[in-house]
There are 2 protein chains.
Amino acid sequence: MSVTQPRGFTAAGVESGLKASGGRDIAFVVNTGPSQAAAAVFTSNRAKANPVIWSQQAIADGILRAVVLNSGGANCYTGSRGFQVTHATAELAASLLGASASDILICSTGLIGDQLDFDKVSAGLTAAHGSLSDDGGLDAALAIMTTDTHPKQSVVSRDGWSIGGMAKGAGMLAPGLATMLVVITTDADLPSAVLDATLREATRVTFDRLDSDGCMSTNDTVALLASAASGISPAADDFGAALTELCADLAAQLQQDAEGAAHDITIEVVSAASEDDAVEVGRAVARNNLFKAAVFGNDPNWGRVLAAVGTTAAAFDPYDIDVTINGIRVAHAGEPDQSRELVDLTGRAVHLVIDLNAGESTATIRTNDLTHDYVHENSAYSS
Amino acid sequence: MSVTQPRGFTAAGVESGLKASGGRDIAFVVNTGPSQAAAAVFTSNRAKANPVIWSQQAIADGILRAVVLNSGGANCYTGSRGFQVTHATAELAASLLGASASDILICSTGLIGDQLDFDKVSAGLTAAHGSLSDDGGLDAALAIMTTDTHPKQSVVSRDGWSIGGMAKGAGMLAPGLATMLVVITTDADLPSAVLDATLREATRVTFDRLDSDGCMSTNDTVALLASAASGISPAADDFGAALTELCADLAAQLQQDAEGAAHDITIEVVSAASEDDAVEVGRAVARNNLFKAAVFGNDPNWGRVLAAVGTTAAAFDPYDIDVTINGIRVAHAGEPDQSRELVDLTGRAVHLVIDLNAGESTATIRTNDLTHDYVHENSAYSS
């Protein structure tokens, strides 16, 4: 159970033949109301796929009836013909539901530059509509997988209302979202303005701080749909906290399933002069291939950490930074501190703390190591 | 022959025991005059090694008598004790030459955070002084190698004067220079102001546009020493053109020997609104791990190129960019163009042209693919 855990939602996931590897590839998530308030955030990449161009218009009025998602093709750089496929998909979904096409969000994932076969999409969506059910969440989560090794679902329950979510994404995980499609549902009764504000804040500190490989996708979408079926209107702060908890859980699942990764690296930047500084420093380290390759080799190479930190414009004295790896402070005041031999990197979890000694702010960026399997998956698999 | 090709220079390279793998590890390049005009540029990383901190002061007056270089240790994040080693090395070189310590440039390369053994440096430098000769260029070039598979040398000769250079660097090649030490000599008679201006312009369009893995080093140094031994003062433009030719050749040698690389990728950005835009776009693509892994797999994945271009702030219409790979235009006007099947990536050289259709400016960035060997060398080798 995920998107169908909250009341007021049905879902389905079917096989339409879009995905060369076979398996479910069309997901349909429908809000049965009574409310259809919604919010969504998208990739900040200027190279946007056709479904993103469509969906940014569809969400403008804060109302969504349903989301249609497909794997097996990103429908990006497919020109006006590709846009017509997105549009026709929304029209078909609207007609099946007796809704307006402008209330249908479309998400796609897969190879850039290939046309989607609308005949397959059409047949798949019609079949998905026929199999919509209030326990279809898992099927929908399965249908959006690409190189994911398992479906990602999460539920956060509160007194009388809940939030459910599903996510896909295993590579191209980067700031401003990842090749990541996320649909979140709730039966809380909240207006779209509150959904929008809480979704932006939750993604800012979760998905936006997951930076697996520094590569930003053309298709990233996180949608939040609220049915109001619980009849409960939680305080915005309470809802926001629950939403952030759910997004953090889905982001952790994405990190743990990142393509080819052998380590999950948590980079905690502390005592920064500002949160922006902390994020900038964390991201610079998260994108440093030499550091990431060292972690793969279980090498606590703190010199590569400081070399990456030194490329940023954040406020700090480069010779007064502490670096601690899995509890061992290996660099202090511009010199080696405890022996790197004491650092144990054999486990999957790596906790790097960078103390800038420059202020009171903090931020945590999550990334992965750079491995042979990453290179293999991304050189052998055209995506 | 390299740094000893121009008249007025002697050099040596000896083994002092600094480098765990054995082999020559101390290089000494001496300008015997009559002039000692010089210029140097350094890493823009705020995390600077002790030799860089020293050398930035040494070059301030535009005069250099000699350069001492060592492999086997970066002398970075080694605190005041490490700085004392750099200082003592300069004092020893000065005393051997009857010069001032402030006219000695020091360069180091190797692991960050390890103290250099001054006893070894001292013995090595004394031995190097004893073996200085006017055909010692190759020995010096050998002594600065780390993971380089071969020494890098270059000579450009003009009518009556010449320029010689040696370089090391095989990983951490990135903007604002690479873990790259370069010593360039000339027997032209030019003042330090001209040397400085021509060196900055030459590095700007050569070494600064080599971005093998996006990682910036703490030790990068490019030094230019002029002996005036030819008695000829070429026009600054003529000297600058010859210097740029030499730097381009050394940069190409660095690219071709980049750690683990299987392809040398030339990214030519054309029709940009400004040169800065062209550089930003080229660099974004050069740092995109997904694109680099695709090239390793001989996959002309132009979608990853456009996704990387879309992350920049350069002026362009994202749906009016042409992408050409090894002569095949695979994307045009926001859609697929010629079939990607036509692109042959089996050779080592890859030529990517990105036409932004936004202006008249152009820039070329050189990078490498992301390979299993890159991951292996940088996870198994602590550097």
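Yeah, the Cβs are placed from backbone N, Cα and C, and that goes for glycine too.
Unlike curated entries, TrEMBL annotations are predicted automatically.
If you check TrEMBL, you get these features:
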ACT_SITE  B:Thr179  active site, nucleophile
BINDING   B:Thr146, B:Lys168, B:Thr179, B:Glu259, B:Asn378, B:Ser383  substrate binding site
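Proximity to chain A, taken as a Cβ less than 8 Å from one of its Cβ atoms, holds for B:Asn378 among the binding-site residues B:Thr146, B:Lys168, B:Glu259, B:Asn378. Cβ neighbour count for B:Thr146 (substrate binding site): 23 (other Cβ atoms within 10 Å of its Cβ, all protein chains included). A coil conformation is recorded for B:Glu259 (substrate binding site) in the three-state DSSP classification, outside any helix or strand.
B:Thr146 (substrate binding site) carries neither a helix nor a strand DSSP state and counts as coil. Here the Cβ of B:Asn378 (substrate binding site) has 29 other Cβ atoms within 10 Å, regardless of which shown protein chain they belong to. DSSP assigns B:Lys168 (substrate binding site) to a strand.
Taking the Cβ of B:Lys168 (substrate binding site) as centre and 10 Å as the limit, one finds 28 other Cβ atoms among all the protein chains shown. The Cβ neighbour count for B:Glu259 (substrate binding site), using a 10 Å radius over every protein chain in view, is 27.
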